[in-house]
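Asks: The structure that follows is given in the form of structure tokens.
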Amino acid sequence: MAYPLQLGLQDATSPIMEELMNFHDHTLMIVFLISSLVLYVISSMLTTKLTHTSTMDAQEVETIWTILPAVILIMIALPSLRILYMMDEINNPVLTVKTMGHQWYWSYEYTDYEDLCFDSYMIPTTDLKPGEFRLLEVDNRVILPMELPIRMLISSEDVLHSWAIPSLGLKTDAIPGRLNQATISSNRPGLFYGQCSEICGSNHSFMPIILEMVPLKNFETWSVSMI
């Protein structure tokens, strides 16, 4: 999860987030090189008295500054499109979870089980135990098996919401009357925190999400106890 004064992204928990972090570094390096070139040109113009007042055209320069930006955009677009297709691709999910946004809580339904569904509300600050996080704790966590592809179907009962887990690289809008789909896959067990990421009313900041990824055996034990 995030911590105070953090400058970078959260630690990657899923293959998608790892790809997003690599793409972030790739794009940042390109932006840094372009910015350095622009600053160099500006400083050269301000510090030198040499000018080319007689130059009417320079086809070589015009060709370069037309082709070079196109190449740079292609270098950014290709990995971006690859990640976009990876995020939409779902192959044989082992589990499907339906998530519904409400004002102001989440409800979850494990569609592969007959009666496994529950609501998830934020725990008020006055009820927190020592070591728990303000505005991030919930009464019912989403328990899922790690290292397996899971399909999350996301919608809303009232207004726009957004189900987001930053460490998984996941943010999917919950839209009334529409069912959006996302893929969840975690490389390791643990607790992963998120929040509603779409302003949805006065209690928008009171819609936390806790995703607990556990080994498959532990998940099976939990699911049996919940039915």
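Every residue, even glycine, has its Cβ placed from backbone N, Cα and C.
According to Swiss-Prot, the protein has these features:
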BINDING   His161, Cys196, Cys200, Met207  Cu cation A1 binding site
BINDING   Cys196, Glu198, Cys200, His204  Cu cation A2 binding site
BINDING   Glu198  Mg(2+) binding site
TOPO_DOM  1-14  topological domain 'Mitochondrial intermembrane'
TOPO_DOM  46-59  topological domain 'Mitochondrial matrix'
TOPO_DOM  88-227  topological domain 'Mitochondrial intermembrane'
TRANSMEM  15-45  transmembrane segment
TRANSMEM  60-87  transmembrane segment
Asks: Taking just the CA atoms, what is the gap between His161 (Cu cation A1 binding site) and His204 (Cu cation A2 binding site) in Å?
Replies: 9
Asks: Return the residues near Glu198 (Cu cation A2 binding site) by Cβ distance under 8 Å, restricted to its own chain and a separation of at least 6 in sequence.
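Replies: Spatial neighbours, sequence-distant, of Glu198 (Cu cation A2 binding site): Leu160, His161, Ser162, Asp173, Ala174, His204.
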Asks: Between the binding-site residues Cys196, Cys200, Met207, whose Cβ has more other Cβ atoms within 10 Å than any of the rest?
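Replies: Of the binding-site residues Cys196, Cys200, Met207, the most buried by Cβ count within 10 Å is Met207.
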Asks: Six or more residues out from either end of the topological domain 'Mitochondrial intermembrane' (1-14), which same-chain residues have a Cβ under 8 Å from its Cβ atoms?
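Replies: For the topological domain 'Mitochondrial intermembrane' (1-14), the far contacts come to 20-21, 24, 133, 136, 166-170, 184-188, 190-193, 213.
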Asks: Mean pLDDT, the topological domain 'Mitochondrial matrix' (46-59)?
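Replies: Computed over the topological domain 'Mitochondrial matrix' (46-59), the mean pLDDT is 73 on the 0 to 100 scale.
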Asks: Please spell out the DSSP helix, strand and coil residue counts for the topological domain 'Mitochondrial intermembrane' (1-14).
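Replies: With helix first, then strand, then coil, the topological domain 'Mitochondrial intermembrane' (1-14) has 0 helix, 0 strand, 14 coil.
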Asks: Where does His204 (Cu cation A2 binding site) sit by DSSP, helix, strand or coil?
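Replies: Reduced to three states, the DSSP call for His204 (Cu cation A2 binding site) is helix.
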